[in-house]
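Copied over from TrEMBL, here are the features:
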{"type": "ACT_SITE", "residues": "431", "note": "active site, proton donor"}
{"type": "BINDING", "residues": "192, 194, 198, 236", "note": "Mn(2+) 1 binding site"}
{"type": "BINDING", "residues": "371, 373, 378, 417", "note": "Mn(2+) 2 binding site"}
{"type": "COMPBIAS", "residues": "33-84", "note": "compositional bias 'Low complexity'"}
{"type": "COMPBIAS", "residues": "482-494", "note": "compositional bias 'Low complexity'"}
{"type": "DOMAIN", "residues": "149-291", "note": "domain 'Cupin type-1'"}
{"type": "DOMAIN", "residues": "326-467", "note": "domain 'Cupin type-1'"}
{"type": "REGION", "residues": "33-86", "note": "region 'Disordered'"}
{"type": "REGION", "residues": "473-494", "note": "region 'Disordered'"}
{"type": "SIGNAL", "residues": "1-28", "note": "signal peptide"}
């Protein structure tokens, strides 16, 4: 029995000696890190407790010397704070093809997607690369933010035509609607009024406009490459001059997404629905004077071009105090590193109290900077060139759209976005808002005017990058190294 007790004692002593030698001593030095901390999980999809970097993986020569001399460990060689989420992917997300791409586009980006086996509208797909093969940064769901006027039903008239966009074809655009109208030389968009305001941008040619306000003051002007604005209920007319042999074409924007050009209050439509006896009494004329009024609306009709020296009818009440037209063509554009911008709102065009706009050009490889509009939706019209826009709708939702001349875009208020020129020619477009003032928030300027340490804590940018942030709005940013390769000449493959 005594020998058995002695054997157990020997075994216990050996075990204690073995585990005591394996266990490291716990340092009592201030700030020392414990080697008893649990190891980071290596399970698939788990976040590393400590970000891997060359700095933390290889100890410095000072750290090695301290280790060799059995000096206590120091926080100077401790790894950086653990990351909260993974770092953003470095996968390239350039647009994969343009409208002039010679191949057949496929729904493939890098290792994602597969070829298209069924039928597809190749011409349409070439114009919308980021719908078929979206960047990997797209996520979630965002409503359709593109409508080409080419898909709008056209209303053909003797002397011109008109086609429109409203919530019927683009439900996202609830605050504004648009009409593209063409008048041959001399053709008239008949005397009419709307329950909404009308803002216009002349694309080609010149237009004579007439109007009357509620104080009985009249107005007449001819606009070429310029704007006009009529408040709700103001009666007016539009007539193409002969300055351009083909007449004129223009864009109309209305401050209501429900607007329909087919619901205009037209002079001929109204009088055709009033008894002629009432007309005679109202105008103090013989009833026979109204024998030839139209039985239906004219809408657009041909006529002789107005004279170059046309003037408003003499008016005892005088003319309107604030002009209904604005010479945007005579405004000097602000030159920026990647393009130009002209802003027009009620500060320069006082009568335009519900529509503000900017005319923007972006050179190849450049971009309208990352920004958002704090309170108002943006209704965009692309005049020429090719562009790319990603809408950030918060909560992880983002979607990218491609635009060409004749396309309409829409950005709901507060949505972050940019406009990148993805073509080889100048991109020109309008930003239009249901507002009396143009407003935007620049991401670049916001970060530049935020304490640098706070920016670094969010984005882990280096000091050199933070120093480059602009304290004034860049608005349109020129191409930098490597950023001009925005369009790939071929689709990616597995």
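Counting starts with 1 at the first residue shown.
Note that Cβ sites are derived from N, Cα and C of the backbone, with glycine treated the same way.
The shown structure was predicted, so the numbers you read here are calculated from the model rather than taken from an experiment.
Here the features listed in TrEMBL are painted onto the structure.
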residue	record	Cβ within 10 Å
192	Mn(2+) 1 binding site	21
194	Mn(2+) 1 binding site	22
198	Mn(2+) 1 binding site	24
236	Mn(2+) 1 binding site	18
371	Mn(2+) 2 binding site	20
373	Mn(2+) 2 binding site	21
378	Mn(2+) 2 binding site	25
417	Mn(2+) 2 binding site	24
431	active site, proton donor	22
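Other than the site residues 192, 194, 198, 236, same-chain residues with C-beta atoms no more than 8 angstroms from the centre of those residues' C-beta atoms, the Mn(2+) 1 site, are 193, 230, 234, 235, 264, 265. Summary of the Mn(2+) 2 site environment: with the site residues 371, 373, 378, 417 set aside, the chain residues having Cβ atoms within 8 Å of the Cβ mean position are 372, 411, 415, 416, 431, 440. Looking only at the recorded positions 192, 194, 198, 236, 431, the one with its C-alpha closest to residue 371 (Mn(2+) 2 binding site) is 431. Ranked by CA distance from residue 373 (Mn(2+) 2 binding site), the binding-site residues 192, 198, 236 have 198 at the top as the closest. Helix, strand and coil residue tallies for the domain 'Cupin type-1' (326-467), in that order: 22 helix, 64 strand, 56 coil [DSSP].
If you check the recorded positions 192, 194, 198, 236, 431 against residue 378 (Mn(2+) 2 binding site), the ones with a Cα inside 10 Å of its Cα are 431. The predicted model assigns the domain 'Cupin type-1' (326-467) a mean pLDDT of 97.
Residue 417 (Mn(2+) 2 binding site) and the residue listed as 'active site, proton donor' have their C-alpha atoms 12 Å apart, to the nearest angstrom.
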